[in-house]
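Student: Shown below is the structure under consideration.
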Ligand SMILES: Nc1ncnc2c1ncn2[C@@H]1O[C@H](COP(=O)(O)OP(=O)(O)O)[C@@H](O)[C@H]1O
Ligand SMILES: Cc1cn([C@H]2C[C@H](O)[C@@H](COP(=O)(O)OP(=O)(O)O)O2)c(=O)[nH]c1=O
């Protein structure tokens, strides 16, 4: 089967050259197969089976036989095999008659069939003459071979299938066909033994052209062996070649289709890879743009925060400047208030001191007047004069009182109400209650020190303390 497959492949590719494998010398296009063996070996059975098999493969098959395939051959066969009631045929005449049949057979059946390219399957040929007329009858083998060479014009089978079997077995098989044994079949066992040996000897001398098969095997086994050999030998039939070409064409088409499919698949894969690459690049570009946008956003956010921070810082600085200005203004206002308050307080102190001195001066004057009234008349006049001087210059000793009055006049000229001058006969507490509005000198804030130790007139020392005003 392997050989057949290799031939199918070779034929399909145009590499098969039948003549190169042909063991015979003929150059005819057909194939010449001879089946040989003893009587009852199974030749007819195998030829029928081979013919069916070969025809099924598409070959032009011609089955034939020797002797008796032609009109002449049929008459010779009758003479050769059925000699009952006739004069016996001698060995040399027998050999010549078989040769005559063969010559007519080759000329009229075999060669024409081979020339048209048929496979010719013949039941017996030259080897039967070698086996029977030489081996069996004892005629010189070279002369029998030369006679056959003459009859066939040198045509030799491409293959001789020798069905080799014990003559006794073959004889028993032949009996199953019924009928009377022919003249040669009727020969003794030794004869058939020599025939067998002649066949075997000839096959052994040319193994390339002979296939020896054990004919004791079942018909199926034998046909398989012969088929194997013929598959090696024969080319493909026209039908098989056409089928092989069709298969080869289908194979090429399948390969082309597979190639196209593969190329399409590769193209699709390349396109997909390209699309994937484009997607990857697009995603990469999108990611890059997104990253750039994110960075720009972050940069803008950072710039916005920096701007906000700067604005906040500027607002803070502005606020600090505003607060500082406000504090400075408030401080200036407070300072102005303090100065104003200090001036007001100083003015009040001055007025209070003036008032106190006036009160003290008047009190002293009043005391002197009282003392004068209590003195003798001369002393009284002097005291009254002093008292008047004291009255005329209240708030101090006569000299001091005069200057205090002058100061009071100065205060009046500075806008202080002259009506604020206290009456001289007021007690200190009465005088304080008579202070102008805005001045206060309560007992808690003004110490009145009645000191009569160094002065004969009751004298109060006023220590002024001013309540703090809120600005
Ligand atoms: N291999 C075989 N085994 C057994 N019987 C066979 C075998 N081949 C053929 N036969 C039978 O033997 C008989 C002779 O066969 P046949 O083919 O006529 O032989 P041949 O043509 O060689 O004289 C037939 O009855 C056939 O059925
Ligand atoms: C062709 C040939 C046949 N013979 C013999 C062999 C056979 O016995 C006989 C042919 O008889 P046949 O009935 O054709 O053979 P088989 O019995 O095998 O079917 O002729 C020769 O002796 N010489 C030959 O050259």
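Quick reminder: no glycine exception, Cβ is built from N, Cα and C everywhere.
As listed in TrEMBL for this protein:
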- 37, 38, 39, 40, 41, 42, 43, 44: ATP binding site (BINDING)
- 263-352: compositional bias 'Basic and acidic residues' (COMPBIAS)
- 359-373: compositional bias 'Basic and acidic residues' (COMPBIAS)
- 403-415: compositional bias 'Low complexity' (COMPBIAS)
- 460-471: compositional bias 'Basic residues' (COMPBIAS)
- 35-219: domain 'Thymidylate kinase-like' (DOMAIN)
- 263-471: region 'Disordered' (REGION)
Student: Cβ under 6 Å from ligand 2: which of the binding-site residues 37, 39, 41 qualify?
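Tutor: By the Cβ criterion, which requires under 6 Å to ligand 2, the hits are 39.
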Student: Take the domain 'Thymidylate kinase-like' (35-219) and average the pLDDT across it for me.
Tutor: 95
Student: Starting from the ATP site formed by 37, 38, 39, 40, 41, 42, 43, 44, give every other residue of that chain whose CB sits within 8 Å of the mean position of their CB atoms, in sequence order.
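Tutor: Not counting the recorded site residues, we get 163, 165, 170, 173, 174, 215.
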Student: What does DSSP say about residue 37 (ATP binding site): helix, strand or coil?
Tutor: strand
Student: With the cut-off set at 10 Å between Cβ atoms, which of these binding-site residues ends up with the most neighbours? Options: 37, 38, 40, 42.
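Tutor: Ranked by Cβ atoms within 10 Å, first place goes to 38.
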Student: Show which residues of the chain containing residue 44 (ATP binding site), separated from it by at least 6 in sequence, have their CB under 8 Å from its CB.
Tutor: 123
Student: Would you count the other CB atoms within 10 A of the CB of residue 43 (ATP binding site), including those on all shown protein chains?
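Tutor: Cβ-Cβ neighbours of residue 43 (ATP binding site) within 10 Å number 25.
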Student: Per DSSP, what is the residue tally for the compositional bias 'Basic and acidic residues' (359-373) in helix, strand and coil?
Tutor: 15 helix, 0 strand, 0 coil
Student: Give the subset of the binding-site residues 38, 40, 41, 42, 44 lying near ligand 1, defined as CB under 6 A from any of its atoms.
Tutor: 40, 41, 42, 44
Student: Out of these binding-site residues, 39, 41, which one has the fewest other C-beta atoms within 10 Å of its own C-beta?
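Tutor: Least crowded of the binding-site residues 39, 41, by Cβ count within 10 Å, is 39.
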